[in-house]
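Quick look at what TrEMBL lists:
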- 287-379: domain 'DYW' (DOMAIN)
- 41-71: repeat 'PPR' (REPEAT)
- 72-106: repeat 'PPR' (REPEAT)
Amino acid sequence: MSVPGDEITMLSVASALANLGALEMGRWVHAYIDRNQMNMTVSLATALINMYAKCGEIESARYLFDRMPEKDVRMWSIMISGFAVNGLAKEALDLFSQMKSAGFKPDSVTLTGVLSACSHAGMVQEGLRLLDRMAADYLIEPTIEHYGCVVDLLGRAGQLEEALALINRISLRADVALWGALLVACRVHKNLEMGEMVAKEMLKLDPVNAGARVFLSNVYAASGKWGLVEDVRKGMKEQMIYKPPGSSSIELDGTVHEFLSGDRSHSHSDQIYKMLDEICNIVRSRGHKSTTKEVTFDIDEEDKEACVSQHSEKLAVAFGLINTRKGAVLRIVKNLRICEDCHSVMKLVSEVFDRTIIVRDRNRFHHFNGGSCSCRDYW
């Protein structure tokens with residue numbers, strides 16, 4: 001195979017591993033490139049930086065970034081976005097300043113990463129100022145992605161009315177993702193009235209949006225309106241709208257192990273559930289009470305607790321604790337948003353077992369360490 005072909009192959013593999021969150025295999029690819037003395041082009045280095053960032057291994061991403069004698073705007077943007085998505089807002093903003101000082105002109109992707117960093121850092125005024133000055137300072141017209149970051153920024157700060165006003169004010173037509181950012185804020189700040197309105201706006205744009213329908217179901221369940229819950233569920237069934245089952249994966253010795261909620265198909269299932277019982281007992285002794293409000297079935301509280309106790313990310317963590325050395329970092333990829341109960345349990349597990357746990361869910365990274373999370377409990 002020719003060298004260009006090798007590079008193209010490595011670019012494709014690195015991209016696939018980034019999506020999988022398969023760090024061990026990604027490191028093998030990086031070592032393969034070095035071992036075979038392949039030319040570390042800007043494109044190839046950028047793909048590896050992206051892979052490391054999306055696996056939560058931001059230190060390796062920064063190390064490779066710093067080693068590269070040549071950089072382009074895309075590499076700077078990927079590194080800035082990597083810091084932002086991993087909750088390292090200060091590092092992202094510092095790198096943005098370095099980028100401009102080095103003479104590089106930010107593009108639309110760069111500014112998305114910077115706005116995301118502002119959101120993580122709670123820098124409301126700075127984010128709003130950047131949005132207002134994008135066209136004048138960088139000759140870039142704000143896109144839906146930029147507005148989505150600012151809606152997330154305002155939502156994190158609890159400024160839901162301002163976020164709604166921004167959506168109603170923009171000249172671009174609000175899309176499902178933009179309303180979805182506000183929906184997250186409504187859920188976090190428990191503004192069910194606005195959340196119901198937002199979910200209905202989402203359904204106008206996307207009538208088969210499972211997330212909006214599930215949120216409506218959650219709103220009605222929280223209010224004890226089980227008849228309306230049943231109406232939503234019946235409508236989803238009739239229109240064949242299904243929320244994908246929750247699944248979580250963890251990589252061990254180059255093999256990706258995947259779990260579904262309540263899964264007992266793994267060959268180590270007995271040991272996994274024994275460890276899960278130990279985890280449950282420990283967190284209860286620490287005062288944890290299961291959060292079951294996201295279970296929208298009209299069943300006994302005990303049954304609801306059983307449901308959340310066997311969520312896929314808990315099974316993945318139990319598997320990781322059994323099969324890795326003490327102190328090893330556990331890296332989990334979740335296809336959906338991590339639920340409130342699992343988030344609370346992960347914080348306690350990180351403290352009790354003295355482990356760093358990195359969960360990449362559908363929305364962002366969660367770095368659990370010493371009983372706290374990098375997302376500051378906003379996701």
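Cβ coordinates are placed from backbone N, Cα and C, and glycine is handled just like the others.
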For the repeat 'PPR' (41-71), sequence-distant contacts whose Cβ falls under 8 Å of one of its Cβ atoms, 6 or more beyond its ends: 7, 10-11, 14-15, 17-19, 21-23, 26-27, 29-30, 33, 78-79, 81-83, 85-86, 88, 91, 102, 104, 331, 358, 360, 365, 367
Local confidence of the prediction over the repeat 'PPR' (72-106), expressed as mean pLDDT: 96
